[in-house]
Amino acid sequence: MSTIVFGSFTCHLDAAIHQDNADRLAKAWTRPENRQVSNAHLLCRRAAESLINTYESATASAWKGLEEKLQPMFAKREFSKTVTKRKGLRCFKESSEKFIEKKLRKQYQEERERLQFLNGPDAIVNQISVDKCEASVRVPSPHIIEKPSFVTPSMKKKVVFKKVRMSEASLQLFMRRVAANAKANGQKVEIIGRKRVVGNYTTKSRLTYFRTHVRHLDGSKPRYDLVLDEATKKILQLFANTSGFHHVHKKGEVTPGMSGFVVNPMNLSDPMQVYDTDLFIVRGKHNSILVDSRCKVSKKQSNEIIHYSDPGKQFSDGFTNSFMQCKLRETDHQCTSDLDVKECGYVAALVCQAIIPCGKITCLQCAQKYSYMSQQEIRDRFSTVIEQHEKTVMDNYPQFSHVLAFLKRYRELMRVENQNYEAFKDITHMIGERKEAPFSHLNKINELIIKGGMMSAQDYIEASDHLRELARYQKNRTENIRSGSIKAFRNKISSKAHVNMQLMCDNQLDTNGNFVWGQREYHAKRFFRNYFDVIDVSEGYRRHIVRENPRGIRKLAIGNLVMSTNLAALRKQLLGEECIHFEVSKECTSKRGENFVYQCCCVTHEDGTPLESEIISPTKNHLVVGNSGDSKYVDLPTAKGGAMFIAKAGYCYINIFLAMLININEDEAKSFTKTVRDTLVPKLGTWPSMMDLATACHFLAVLYPETRNAELPRILVDHEAKIFHVVDSFGSLSTGMHVLKANTINQLISFASDTLDSNMKTYLVGGLEVDKCDEFKNVKLLIRSIYKPQIMEQVLKEEPYLLLMSVLSPGVLMALFNSGSLEKATQYWITRSHSLAAITSMLSALAAKVSLASTLNAQMSVIDEHAAVLYDSVFVGTQPYASYMMAVKTLERMKARTESDHTLNDLGFSVLRQATPHLVEKKLSPGIGASLERVKLVGKILCNLGIAAMAKTYTKTFHPKRRRRFRRQVRHLRSVITWQPVQTPERRSPMEKRRCGLLYIPVDGEAILQSHRNLTKFSS
């Protein structure tokens, strides 16, 4: 039996003789010499044929079902192609429908041609021609839908290079010219034969040599240093035809550094190992014998040969290349060659030996030994060496100060070590076994500190984290320790009143002993204009009694200004309205560490009970200062007008800034009030916290130190609503509140400290939310002031940076320039502020440049190009003007917009902004035109009034004939002045003739005509 395996199928067959063997056996039996043998071979042959037929029928029946089942796959595989996958697996890949259609079309064409050929009549072919007519015989073919082909013809043109053919002489001439060009320009030459040979021309001892690149120059020591075939050798011989090749070298002239030099062996005096008599390529010397690079040497000899390479040049080349790659690209100066190159080499060697000491810079053992050394070993062995090198540089090369500084710092870093092992041991002994916090943090810090100079950056970060945990633990522990009960807290008012030197100076008091504000009175209007309301006495005081706050209400005693002559009724006014009573608690105190900060606490009596506020009587037009001590009454800066001012709801803390103004010098009052209005109040907003208010006071105290001892107005503490009330001159009808002890600005600033433990830091104080600056409104104000000298003068003095808003419109800028406002601003500020004078001068120059542009877009381009220059000139710090930050933001926006537009234009994008300046100019130009028309109208009216007055005065004394002549002269004069023709009496209508007293008729409209008639009418 025999077994055949097909995949997972196993077939068992009877042993049979193959057909070929049976035939061979039958032939052998039919030979003559075997005819007498028995007929046994016939039986064998028949048996073999029977077995073979049985086997073939069994095989066919076994595969028949499988072939029928796999017939669709075989049909599809007919058009598939074989591909090899990633790991060598070969498989079939299905073809696309387009490919199958192409194959079927090709088969159909071939079959049709074959049938046409077979079905055609027999004929003798005399000539062969192509019949374009379609044959009558059609072969059935599958229906194929032809799709249109969208193929773009390739525009690529095939370039056919002309073959270069040169004669031997031309080739020799060509190579000589290549050699001459390489020698003149110092270029490399590559000779490509069986192997590539690279060479270049070099000069040594005033002789020119051709030098090939040999393998030992790369650091290896091969047996063959260079391999040349015969063709390459001939070309190399032609390139080596130099002065050095023909030079007769004496003994010892071939020295190190000449590796790869091509010389004539016939001109060498030294003993040498010759490869041939045509060339000698220097490799080195072995046992006083020069060795050719082409000679084969043993491995032992290759290590013993003294190679004539130039390690110094290799080091120099590597150093130069690396230095050029790593050098600073951005420097603030132009680098020059000031230091001697040779001395630079000396110092570089000293630095190299100081950082990495070694016997040879190429020694691998020295490098490995240094890399295996610990930092302590390096410190012990080389710190003295570094100090010696530092002294050498100091004595011999003092001009290398930067190297000296580096060595000094490097030596100091190496010596950083912690030798206090006793402290480390004691800490470990005391708390080393304790793993809970904070002892775990202490142990970790102890382990890190003992490292000393070996601490890494990560160690420093870890030590800081553990130290922070210790600080947090200590802070929490300190807060949790109670040093005593709050019942023992006492904070009495000082028996001594605070002395305010500003209110005692005779130079600042008038004859009645009242404080004189001086220039401070004018600048204080910024507070009253924005943060105070004028009390209308005719409406009574009742509407001002209740003051609302975000957390409750407080009643003022302003109603007590109306007093009764009845003593009993008058005594009732001394009674206030009680608030909720609060005992002394933690909310009343402030601590820093374990100690109370008494000026930031509420006032108490001797027995520890809180000092509660009583009714505070009102006054008229006074500023009351002196919080916990005796109050001092100062007349308000606006008392002369007789009006009464009351703070708007929510901004009573402005009284604190008004009290600080008393201590401000008169020449600084303007800056102080503008700083408060423009910088601090917008940041504080409505109802700021006491911490924010104290921070603002600290900001002012830094700028104006004389305000530190300024007295505070009375401040009441409402613990129920958690609000501070700054009491003004109208007092307080609400009673029972606590009183803050802080009496000066310096004491109030303590609330700004983060280390102060106080709940009162978060209490609210009065404030105000001011409107943000509107650019469009300010530009309209600037336009309105162009032809109004009084408004322009106020703008120039109080808000000079408002002039910079003219850059938003070329028309506004030109109007400012033409009206003379910029010149006037320059003359005003030239003696007061050089920076503002420079800005106005720049605006004048910019207006002159804008006037040269013919279109609006060109004018805006001129302004945009100068926005960056204006921004750099304007933005020089903080200025006490409300318009300053608005001008800075405007210029900054224009600068950024210009830079981005330039980038877009460079990239080829269009900017839509070119259409917007026309809209802005259209919006602003009517304002300028209207102002100018009003000025012209006023001028016409004044001119008419003058002419009418003159005519009325002089015509009374004239004769009637002279009077008519005078009227004609006046008409002519008026037409010359106003540039408007006047109708003669002959041209007038009958109605106008009856009104012969009318001098001229303007043409500005019927309303203006009527007004002019009323102004210019007079009788003849």
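Glycine is treated like the rest: Cβ placed from N, Cα and C.
Keep in mind that what you see is a predicted model, and the values were worked out from it rather than measured.
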- Given the ranges 168-171, 208-211, 360-363, which one is assigned the annotation motif 'Involved in interaction with stylet and aphid transmission' in Swiss-Prot? 360-363
- Candidates H216, C652, H725 (active-site residues) with Cα within 10 Å of D225 (active site, for P1 proteinase activity): H216
- Message: Rounded to a whole angstrom, what is the C-alpha distance between H725 (active site, for helper component proteinase activity) and C652 (active site, for helper component proteinase activity)?
- Response: 7
- Item | the motif 'Involved in interaction with stylet and aphid transmission' (360-363) [mean pLDDT, rounded to integer] | 81
- Could you give the number of helix, strand and coil residues in the domain 'Peptidase C6' (644-766) as assigned by DSSP? 58 helix, 23 strand, 42 coil
- Task: Starting from each candidate's C-beta and looking 10 angstroms out, tell me which of the active-site residues H216, D225, S259, C652 has the most other C-beta atoms.
- Result: D225
- Query: Which of the three DSSP-derived classes (helix, strand, coil) applies to H216 (active site, for P1 proteinase activity)?
  - Reply: helix
- Query: Can you tell me the three-state DSSP label for S259 (active site, for P1 proteinase activity)?
  - Reply: coil
